[in-house]
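Have a look at the structure below before the remarks.
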Amino acid sequence: MIVWVLLFMVTQIDAKRGSRIDIYKQNGGDILQMKPGKSVWGKMRNALPTNSLNRWTEYRDENRNYVLPFTITGKFEPDERTIIFGAMRAIERNTCLKFKRRERERDYVDIRNERNEGCYTSVGRHRGKNVVMLEANNIATCAEHDIVIHEFMHTIGLWHEHMRYDRDKYIKVHFDRIEPMFYSQFEKISKQESTTYGVEYDYRSVMHYSKDAFAERPGDITMETVDKSMQDVIGRVTDASPSDYIKICSIYKCGQCMGKPFGKKKSGSRTSPEDNRSSNERKKVERSCGDSFFCSHLLKTQPKEQICNMEAYQRWCCASCS
């Protein structure tokens, strides 16, 4: 599945050039499969399941940590590179994932910087080059810690928090205040398609949209929090929350998470959150043939023949392509 589409605190370093890009307002968002004209595929989840073929589990180091090979082909200033490496180190310290310079690995992350491209990446690993776009120039920049770690967490396997199937208990989405072309950014992922690992909804997740994301009129609130004290918190955190790391540790079955034992039921230690579906529910989903929630969106933007000729598209546009 390809989806085009940050606990240790790190020192925050402000970018030295360009105005901060608002990833919750940029045209098309930061998820490539939701951006018009991008050819991508995959099943959407709050987080990748533990058996997903799109986890970064192809490579391991001598300590059995999972490895994400990377290259930096974009031109960045020294302080911007420091921010990028700082986000990597934060993830490494809190999970069982490690970043390393690519040698000959087939699958890798390519960190790029192109004008007018904004900030975006894919959810999970796919064959070959996995682009993490971090525009940084004198006009606009994605090179800030929370943005960079947000994009890296997409690549590792996390989806946006506000798209959870249970989000209506925590936020109210005002579609009448959202530009119609961006409705897809606020779709809920069904319980049958989502895996939250039993982690509670988190207003402080670095993967949460801001209160005015994709507002049709400046100042309009598009997402109203049920807990009023959280209204000005969503989308404004500067680092990853514990729940963000717990989901990553759950995806990769890490033995350590945020510096503590994780994943085994030991007295006095945290146990790994379980998949919130029953085995019967999982089997039912596996046997069913239906369209993923955003398939209709793609069918409006790309020819059906093109979509259905791709093996991955056939899986998550199963009903339309059968």
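Glycine residues also receive a Cβ, built from the backbone N, Cα and C atoms like all the rest.
As given in TrEMBL:
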{"type": "ACT_SITE", "residues": "GLU151", "note": "active site"}
{"type": "BINDING", "residues": "HIS150, HIS154, HIS160", "note": "Zn(2+) binding site"}
{"type": "COMPBIAS", "residues": "272-284", "note": "compositional bias 'Basic and acidic residues'"}
{"type": "DOMAIN", "residues": "46-255", "note": "domain 'Peptidase M12A'"}
{"type": "REGION", "residues": "262-284", "note": "region 'Disordered'"}
{"type": "SIGNAL", "residues": "1-15", "note": "signal peptide"}
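Feature annotations (TrEMBL) mapped to structure.
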residue	record	Cβ within 10 Å
HIS150	Zn(2+) binding site	27
GLU151	active site	25
HIS154	Zn(2+) binding site	24
HIS160	Zn(2+) binding site	26
Worksheet, complete the sentence: One should report the C-alpha separation between HIS160 (Zn(2+) binding site) and the residue listed as 'active site', rounded to whole angstrom, as 11
Response to the item:
Taken over the domain 'Peptidase M12A' (46-255), the predicted model's pLDDT averages 93
